[in-house]
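Colleague: Can you keep this structure in mind? I'll have questions shortly.
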Amino acid sequence: MHLSHLIRFGTIGIILCLLKASVYEGQQSLVGSRYQIVSDSSKTLLQANKYKNLKIEADRLSNQAADQYDKAQFHKALEIYQKALEFYQKIDDKTNISNTFNSLGAVSRELGQYPQALKFYQQALAINREVEAGKIPNQEEQETTGTIFNNIGLVYQSMGQYSQAVGYYQQSLSLMEKIEDKLGVGSALNSLGGVYYETGQYSQALKFFQQALVNVKKAKDPVEEAKNLNNIGLVYSELGQYPQAIKFYREALAIWKKNGDKLGEGTTLHNIGFAYNKMNKYSQALNYYQQALANFRDIDNQQKIGTTLNNIGFVYQQLGQYSQALESLDRALSVLQQVGERAVVGRTLDSMGSVYKGMRKYPQALASYQQALLLSREIGDRTAQRITLGNIGDLLAQQNKAQLAIIFYKQSVNVTEAIRAQLRSLPQQEQQSYTATVADIYRRLADLLLQQDRVLEAQQVLDLLKIQELDDYLHDVRGNERTAKGVESLSPEQSINQGLKVIADKQIQISRQLGELQKIPPTNRKPQDKEKIVALEANLLTEFNQFIDSPEVNAWLGQLSPKTAQQIIPLDNLNSLRDNLQRLNQNAVLLYPLVLDNRLELVLTTPNTPPIHRSVPIKKEELNRLIVDFRRALENPESNAIVPAQKLYELLIQPIEKDLANADAKTIIYAPDGALRYIPLAALYDGKQWLAQRFRTNNITALSLTEIDTQPLPQIKVLAGATTQRHVVQLESTSLPFKALEYAGAEVENLATMMPGTKTLLDNEFSRQAMIPYLSIYTIIHMATHAKFVNGQPQDSFILMGDGSLIKLPEIQKLSLPNVDLVVLSACETAASDQIGKGEEILGFGYQVQRTGARAAIASLWSVSDGGTQALMDAFYAFLSQGKMSKAEALRQAQVAMITGDYSGITQDQDRGILKSTRQNLPAKVANRLSHPYYWAPFILIGNGL
């Protein structure tokens, strides 16, 4: 039996849309199409000569339909398959009736007609079971059933119903394993990999794709092998490992060429072009796209021709060759309109809008965006909606229409949050653009709101920005009920949005008429068709422009000016925020910095006043240089850290000094932005004191994700593990040696003495499996072991256990810690000072710990392995064990004690004795330098500081 697989292109990205590399999906659809003349020659039918002609005609139609399917002419394929079905039904050829229903399901799925596709697949399944009834099914019949299960799974996957999809894939896998069909097993595994790929769980996707590859190799099917190689390349591409992706693509390409498969060859050439595009190697990208285009033209696959032309247009735009970009996009548009690919037409229109915007041709840009937005709304493509809404916001901001830009940015953010609330993860950026990521929309919105002095709304956006950055990094962040609401629109904005919706609802009908006319090839259009197209396109823009320029909209926008907007902001969010801060009873304030290209914004919320913001003029590059200088000084105990510490104090704290004093602030709850995540706020210097000597500080991932006022459990019980031996960690492309932690054993022994009832696990006993039984019993989990959090991909960050095994960052959430107040990692390190990025790995670690149910984490930003960590940890637990202070205050007191050398605040004689012994056993050069921030400042508390 021949099992044909479909190829699909991914969805769209921001601004100029680069269509994503193509993924080959699992065992799919065209069961019993053009190959039935050979494979399905039924003895019964051959014996009945009067049916012979009907059988031949049915097979001919089936082959013809399959040809149209390969050319992406799905409407034609559907029509011809239905004719073939009638002939098979006349001769009661149940096997081919089932196969044809299966093929009809595949075509319907391609057309986005998912309920109809499910109906066809269920009909195929019912007939197949009827054939099997009353006898032991043969191998071919069971293969067909397994294939249909897989295809039903693909429909559910297309609908975003991933759990149902996985259920059907598992049924297919079980059946294929039972009959030992290696090819079927490989296809089912490939489909499972596709689900994990779509939901951003790339390590799982890679595992399934690799298992699939093993099975199809055993089946000696080179075509299936090429498809799996392609998909493995896709995962590496998504992980940013483009050379590795290209390596697998080239292996697939060699197989396609050897087998003369133009569709496979073209698709993989396209994917290589996409990888080079992501590497900004535009000449190579253009070369491979052109090769792909030639292949698609050879087989007359109009859909692939259109998408590849779109991507060629992107390359020309990147090269600043706008006329060539528009020419290529225009050709893409013409092809895709005729094919009837409404979703991709919308994305190409969005791309054209961005090119026009880059050329400062604003009316043409708005016209393209408007058509793109209507199409995405008509077909329910919310990913495309949020992108085009953001692009319209950019366009309006570029024209200094700030209030209008804010409205469209808010719509974009709210669509994004609605998607996040419903899916396991946001669809991945499947196209590249000359602006960076989804998070940029949040930044631009916050920037504009702050420029308009709309600080409370900006603070809300900054909180959502943290969640979007987490999702960009971890790919599976859903947020919660609070974040799903998005950003609140003020009453004038609601009125404008309502007016825009009324216009959009009317224009969707016009857009549909336009779409039908555009399906007609330009050479076949009558004069009246051309006139109608021009009139409809003009109508789409005219009504929108008339509404935007109307007196009533101008009046509503007047209510959104900086002077009047504050009077109409709903106070519910502000009152809730104030109440949270007041309930802490810690004299707490909330500080959100926002790093912009030309300034630093400081947004401060206090328990008794509305949020305020202070703007600090500094270029992002200069700020990052200061951060790097400070980080280098912090990592060297022989350096003078005061100079860079004071410079950063002048930027981050001095502008809000009076505000802090007016609020009588004692605790700063801090949500750092970008590279600021690599430096501890406590280590800033005001000219006389370190900030730790004046304020408690605790970091949060995002306020909406943090229960800052949850009280700790009354009894402290500690589970402490230590790694004292040397280990070498083998990652995919490198080996990382980790030296023995000489003081880790003493660290947990001292902890056990200070905290009665502590359970200790050393080295091989300190494994993930050994910890699990204790995780629900203890309130503090202390790990004196190596951990490495690096910018890049989450799976490159990990905690090293005492037995040498790893808990990688994405796996932390799988731990269940509902009764844990604090997780401590006392020997972890983040990026070196010359590798500083945006700090997503630090943000990601804090969030992953929160996902386990734990309330807070303490982690070090750099590793201090010569006894300094033990000194700080001893002091921290000595203060915490007194039961009189919060986690944040205990950490601050420990830091102050090391700065001043005064440990008199520790009341227990035994604890003071331990601390004294620790200091005496340190090397002299360490003991004499404990006041340097290298020793006391690396630890930050993330989460609930109580």
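A Cβ is built for glycine as well, from the same backbone N, Cα and C atoms used for every other residue.
Annotations for this protein, taken from TrEMBL, read as follows:
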type	residues	note
DOMAIN	644-944	domain 'CHAT'
REPEAT	98-131	repeat 'TPR'
REPEAT	146-179	repeat 'TPR'
REPEAT	186-219	repeat 'TPR'
REPEAT	226-259	repeat 'TPR'
REPEAT	266-299	repeat 'TPR'
REPEAT	306-339	repeat 'TPR'
REPEAT	346-379	repeat 'TPR'
Colleague: Go through 146-179, 186-219, 266-299, 306-339, 346-379 and flag the stretch with the largest number of C-beta pairs under 8 Å relative to the repeat 'TPR' (226-259).
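Modeller: Per the Cβ count, the answer is 266-299.
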Colleague: Where, among 98-131, 186-219, 266-299, do we find the most CB pairs under 8 A to the repeat 'TPR' (306-339)?
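Modeller: Counting Cβ pairs under 8 Å, the winner is 266-299.
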Colleague: Average the pLDDT scores across the repeat 'TPR' (266-299) and report the rounded value.
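Modeller: Across the residues of the repeat 'TPR' (266-299) the model's pLDDT averages 95 on the 0 to 100 scale.
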Colleague: Name the range, of those listed as 186-219, 266-299, 346-379, that has the largest tally of Cβ pairs under 8 Å with the repeat 'TPR' (146-179).
Modeller: 186-219
Colleague: DSSP helix, strand and coil counts for the repeat 'TPR' (266-299)?
Modeller: 30 helix, 0 strand, 4 coil
Colleague: Using DSSP, tally how many residues of the repeat 'TPR' (346-379) sit in helix, strand and coil.
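Modeller: Final tally across the stretch: 31 helix, 0 strand, 3 coil.
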